[in-house]
Amino acid sequence: MRGILSIQSHVAYGHAGNSSAVFPMQRMGFEVWPIHTVQFSNHTQYQEGWTGRAFSADDISELVRGLNNIGALEKCQAVLTGYQGSAEQCLAVEETVTKVKQANPDALYVCDPVMGAPDKGCIVAPGIAENLLNRLMPMADVIVPNQFELSQFAEMEIHTLDDAIIACQRALAKGPKVVLVKHLYCLSDESFNMLLATQEGTYLAKRPHFEFAKAPVGAGDLISAIFTAGLLKGWTPKQAFQHCHDACYGVLNATYQAGEWELQTIAAQQEFVEPSKHFPLEEVTLKTVE
């Protein structure tokens, strides 16, 4: 039985981390093997707080060892990683990706390098950002950063579309074959912007921006998951990006229309198979400097 190994956070209530990523990949036709870095009652934006615990790096390694014992790693089509709770967990992920690629050289590694955002800065524990930037992102086949995380990896500030394109080129030169910027903040506030960069070209995706009373948590995890599943279907990065962008819009639209804070992942599940709206991609290039 082939499948996707997804190593990220988990919430019992709502959709964030694995709770946002696992079902969409299953709905797109893939077996998913989730390993949780933390397990919380709910996401951490609730005023009432949350309960739960973080798992150790050894907990992750132990589960991977068990999967290896039954021959599962050679059937692993991709490793998808998101939020990591400690620097040691990052090292366990590095070891896991190495083991999976030894067992199946065709396996993809998709890294969502959760670090922070421009308005919040770096929000992760000490050592995590360094391990993401120096270990996990360079070894990934695909990275799915936001604008802040891309700027950290490319070691440059991003204020314009040209800056973003240059940053993506710098990122591609460090190892990854595909860069999907899941939120490009520096462009118009009137639209939500995402960017895809490969050696073949760079594409901008724009969709209407929703004015949520409280922004849903877990949309980035959803983007990474749908894109991973699209690539494993044999689609080109451009095709997977188009599908991912349209499907994510559909889920967010359903969430907005329902007046909900938590993503309406189950109610809008048809979006993962057949998105209801289509927003054509725009190929973009660096403006010629006179």
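Using N, Cα and C of the backbone, Cβ positions are placed for all residues, glycine too.
On a predicted model such as this, the values are computed, not experimentally measured, just so you know.
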Please state which member of Asp189, Asp221 Swiss-Prot lists alongside Ser9, Thr44, Gln45 for binding substrate. Asp221
For the ATP site that Swiss-Prot describes with Asp112, Val144, Glu149, which of these is also annotated: Lys174, Lys177, Lys182? Lys182
Counting only residues 6+ away in sequence within the same chain, which have a CB under 8 Å from the CB of Val144 (ATP binding site)? Val110, Cys111, Asp112, Pro113, Leu180, Val181, Lys182, Gly220, Ile223, Ser224, Phe227
For the ATP site made of Asp112, Val144, Glu149, Lys182, how many Å separate the two farthest Cα atoms? 10
Proximal but sequence-remote residues of the same chain as Asp221 (substrate binding site) (Cβ under 8 Å, at least 6 apart): Gln8, Ala16, Gly17, Asn18, Ser20, Ala21, Gly82, Asp112
